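Encoded as structure tokens, here's the structure I'll be asking about.
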């Protein structure tokens, strides 16, 4: 029994080592394929080899236990052996890839793995090559159109069209040479890939708009390639051949147009064009300077024996090769140098002129922007002043309307009070006259009955102020010799000072919260029925809450709050919210109670919500209504 337990302990220990070895193998495997340098990759491969050796030793031990009869449950052991064998197969693949030589058959047949940087470089050079091919096709199309125009009868009338096509051909060839130089710089890691990719939009715009006169009037090649910073790089341009080719086309056109031209003159022009040296970048030369340079070159050419230029070599890799010609005499170096100096000077002058124009344009744009901004500010200020004036006028109109309404209400109240007083006086006079007439008609023994009638009439229509004189008149009449006359005089005096019905009621002054002009037939005060507490007993909870929150400072708010308190709602002064017990409080002390409450959410949802485990402090309870 102890041997079996010891064997099981050993198996568990080996299985744990297998799991740890597999995890470590996977980590080293990822490091091998993520290593950028070769020495790091070799180091990780050695670590991977050590780890697979450990797993192989564990596999041998597991195979021994699988073949032993002492082990009953062999499922985990078989699974562990399969996993180790899978790791061994992975290591064989890695070892095979490592030992495969780069230029062997297996290495060449293996799928090439591109670095992300190399892949980006390949994509950039690919679209640059596509633009170069498109430009060459456009050059061929323009050359074909030039041949048709030159060979046609209307060459004089098509002179402007011929010059335009020649300029297009020259610009296209210059772009081709520039883009070929950009490709070389990208392949040599001299230019940033992102900068070149951002330049693609400018090329697309040039392809679409090169025939537009407005675009070409503002077009500048040096400014066009300025984002790439080609001036700071040593870029050998091949514009010489493109300029010579364009000059050849112009000479051909002039030869066809002039009757007295000869083949010798054409050969001289080619010879002169062939001695123009290579330049860095493309230089702009005016027509006058070109003529002077050609004259100087022609004078120097007379001293040299003319040689026939050999055919130009084929173009390789998108870059035209230099024209092969016989070695020139030492005397011909001076025109090349002078021409280069002229081209360089003219290029600098043209560049300064373009920069000056650009600065002037920027200054004009800045001035226009400043003027537009000032105009916008003036318009905004005028609009703001207009709004302020309108608001002031509206406020003045509202205040005047409010004053008119208040004055009208005061006049109505005063008229009502005066009318009530007048009616009360008239009623008192009529009653006194009636009593006096009845006293004169009745016999003296009926004076006490008249007294009782008068007292009842006074009590029905008057206030407590008439009781004191009446009591005095009774005491005086009992002891007087003529009780009827004294009673009538006292009664007449009391009726003169008797208050009317309007004086018994409290004056009601109503000021609307949001005054609005209405016709005179409209009521100016709320209905008095809403001052009856019985009405509020019939209203629902939602209506009571609406009156409480939207009729601030009114008698109706007081009645709504009183009705809510009758329905077991309690107002929380801190949260300004009505709460009601949802169930009996869980904790009750002298200072607070805690439990589940229902509260009315008037700010966000206008509905009742449940708040669990809420602590209601009695100090925030509104217990008195004012």
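Just so you know, glycine gets a Cβ as well, placed from its N, Cα and C.
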Write down the single range among 247-272, 377-402, 403-428 that appears in TrEMBL as region 'Disordered'.
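TrEMBL lists region 'Disordered' for residues 247-272.
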Between the candidate ranges 200-221, 222-243, 442-463, 464-485, where does TrEMBL place the region 'Disordered' annotation?
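From TrEMBL, the annotated region 'Disordered' range turns out to be 464-485.
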Would you mind telling me which of 163-186, 499-522, 523-546 TrEMBL tags as region 'Disordered'?
499-522
Can you check how the pLDDT averages out over the coiled coil (34-97)?
87
